[in-house]
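Per TrEMBL, the features are:
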- 324-410: domain 'PI-PLC Y-box' (DOMAIN)
- 414-539: domain 'C2' (DOMAIN)
Amino acid sequence: MKESFKVCFCCVRSFKVKTSEPPEEIKKLFDDYSGDGRMSADEMLRFVIEVQGEKHADTNYVKDIFHRLKHHGVFHPRGIHLEGFYRYLLSDFNSPLPLSGEVWQDMNQPLSHYFLYTGHNSYLTGNQLNSRSSTEPIVKALRSGVRVIELDLWPNSSGTEAEVRHGGTLTSTEDLQKCLNAVKENAFVVSEYPVVLTLEDHLPPDLQKKVAKMVSKTFGGTLFRCTTDEHTECFPSPEALKNKILISTKPPKEYLQTQVSLGSTTDESVKAKKVKEAEELIQDEDEETVAIEYRDLISIHAGNRKGGMKNCLNGDPNRVIRLSMSEQWLETLAKTRGPDLVKFTQRNILRIFPKTARIDSSNYDPLVGWIHGAQMVAFNMQSHGRFLWMMQGMFKANGGCGYVKKPDVLLSNGPGGETFDPSSKNLQIKTVLKIKIYNGEGWNMDFSQDHFDRYSPPDFYARARIPLDTTSHKTETDTDEWFPVWDKEFEFPLRVPELALLYIIVKDYDSNTQNDFAGQICLPLSEIRPGIRAVRLHDRAGEVYKHARLLVRFVLEPR
């Protein structure tokens, strides 16, 4: 079979089209585990247990595999031939991640013991400067498993109502009630674990009162409320908060203090006087006023960064809070106070947000936050790129419920009471990940003939890396092939395997222009099943391709 590409009206280039064939190693494995060119159910069970590492597999598991292969027309009652075995290896049933999609981690620990799938400016459809505000990205985020939604609240032009918009920019506004309804209707479609609604409010007390009533009426019994002095020393668990919506913002006192600190005066005595006046104003209000109503909504209190970088991580032994800081603050503190960040996040919640210079809604490296224990690494979900793919990869873990338990190294101290230091040069190699990328297929069905190259089939190569490591590995380029064969093996020594992500990207090589994107995948190492697996590729937005996939072998060797 040939494939032709028209170069001009009188010239046509023809290429012989190969089909997807089992690599030599796969053929040898089939021969080793089969007899007379056919693999029986018992032989398949032995392969699944010994090579795929599925120790709990039984005859029913194998029967399920054989049943699925009937739809490919490669099944025989007495067993499967090589082509059927190869189709099984490339099938969705042979995913590198658990098929059940079940939540398997302990969900009874405090919220501060988990990473939360967190959005930033969740209402924006595009850039941070002049894009449209809408409920659409809120709905999409929640239906993708995001558990933390952020709304910026500002007074409208007349000062009579609160509206959602990105203040100080040309972005459009969205109706607050519509945003609250979007949260209510979509919060628990894909996950029953709690949704945190962070309100970055810039409202005067009278509008805070209106918002409090609106939130209470909209969410009703799903709104989690803390009773007096409840959960002040420890956050409740995700399990205890199932199907609940939590409000996180600054209490009125902290709000007024923030407004004072953002004022134009640089005179500290004047600021102190204004803060005192603000506190007295709150104390003078009776229980029917905004301070009481608004305060009672808040179940995760957002604190101020009092004392700047020097003292912001001191914490309060009698009270847990959520602290927010920019990616720049985090990077600065990580260089000199890494263990302090880890210690702070053992009890408190740390939220990281993108620097203001990211007007294009780009993102930053989330692992800097995660390895220091930051639970809420806030991302612009409307963006694309490697860092967002890492975020999506991390939260494929634990059944995609939006909560991933932090590893013990971030939650407990060492034998001498020392806290984990992410920047330590003495971290030992715990595990070695070995991967072998055999081949790939499916691009010819997901893309048009001339999508990659106008005059020839694509020239695919794959690159693999562990983002915590600076090393990346690349296959050779398989020229003019829709079904590339690489048979390339790589090793990754891992010092913090609990937080490792495996990132693979496939591109079409072009000598004169930028290489074309052909798919990507990011997998949490903690979830990867060993053995030979079918790795489905995703597009730039993180949506899975229907056919494009790689055949990859995974081996984990503890040290």
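Every residue gets a Cβ built from N, Cα and C, even glycine.
Source: prediction; values computed, not measured.
Secondary structure of the domain 'C2' (414-539) per DSSP, as helix, strand and coil residue counts: 10 helix, 56 strand, 60 coil.
In the predicted structure, the domain 'PI-PLC Y-box' (324-410) carries a mean pLDDT of 95. Broken down with DSSP, the domain 'PI-PLC Y-box' (324-410) shows 37 helix, 14 strand, 36 coil.
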